[in-house]
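Single-structure report; data block below.
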Amino acid sequence: MSYAVKELFLTLQGEGFHAGRRAVFVRFAGCNLWTGREQDRATAVCKFCDTDFVGIDGDGGGRFADATALASAVSFAWGPSTAARFVVLTGGEPMLQIDDALVDALHAAGFEIAIETNGTIAVHPGIDWVCVSPKAGSVVVQRAGDELKLVWPQAGSDVGEIERWDFRHFLIQPMDDLAADENRAAAVAFAMTRPGWRLSLQTHKLLGLR
Ligand SMILES: C[S@@+](CC[C@H](N)C(=O)[O-])C[C@H]1O[C@@H](n2cnc3c(N)ncnc32)[C@H](O)[C@@H]1O
Ligand SMILES: Nc1nc2[nH]cc(C(=O)O)c2c(=O)[nH]1
Ligand code: SF4
Ligand SMILES: [Mg+2]
């Protein structure tokens, strides 16, 4: 299969459990919860997305003909060191494109594979670190994994239900929008009142990283 990739870059993981860790990001084009067009945002299932995932025109993006080609680009972006190789598959919704061949090729290149997913498509079992970020109004089928990262506040999300899902870590992340200041305060209040949850900040934005 070929892969449509919006952008591919080396940075520090900015969010969640692995925040601060060097990582290659592969941002797949396309999502099942929003077209990515501003005129469709208000009617989308997911209305608060902070990301441009339309097309294959970003830095390092393109159409990769096969898994070997994409894994080679990830390896090149990481550089020659074989230590602690870490790739984050995101998007858009990466589970629309991830397949056996890609997981095998990234593992063969020595990478630990993490995913950022909305959880509406079952995650490939070969992925090493599963971060699910549920969206109110969607049906989450991936209810187990390493990290549950809830963007907050989200009207209509059932926190009581989410807390019963089988994740090792529960994180609350303030929604970045015009109300970002209030949202940060709401996320802090959430973490203060719900033991077992931790605050996740989008540190790459604070640091001016990608
Ligand atoms: C752009 S999404 C791509 C991966 C996948 N589609 C998903 O939603 O998890 C990457 C992460 O950014 C989070 N995110 C998106 N928009 C955000 C916003 N405005 N504020 C805070 N986090 C946001 C998502 O919830 C997800 O955890
Ligand atoms: N530095 C950095 N960390 C991130 N963590 C999750 C991201 C994403 O958009 O999936 C992201 C991103 O775009 N950049
Ligand atoms: S599910 Fe993820 S990529 Fe899709 S619109 Fe929402 S935050 Fe953006
Ligand atoms: Mg992002």
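Glycine is no exception: its Cβ is also placed from the backbone N, Cα and C atoms.
On a predicted model such as this, the values are computed, not experimentally measured, just so you know.
Just one of T90, T117, T120 is listed by TrEMBL for the same substrate site as L12, Q13, G14, R27, and that one is T90. Checking the binding-site residues G14, R27, C46, T90, K135, D176 for a CB within less than 6 Å of any atom of ligand 2 leaves G14, T90, listed in sequence order. The binding-site residues near ligand 3, defined by a Cβ under 6 Å from one of its atoms, are C49, chosen from Q13, C49, T90, S133, D176. For D176 (S-adenosyl-L-methionine binding site) paired with C31 ([4Fe-4S] cluster binding site), the C-alpha to C-alpha distance reads 19 Å. Sequence-ordered, the extra residues of this chain that approach the [4Fe-4S] cluster site, with Cβ no more than 8 Å from the Cβ center of C31, C46, C49, are L33, W34, G36, A44, V45, K47, F48, T51, F53, G92, E93, N118, K135.
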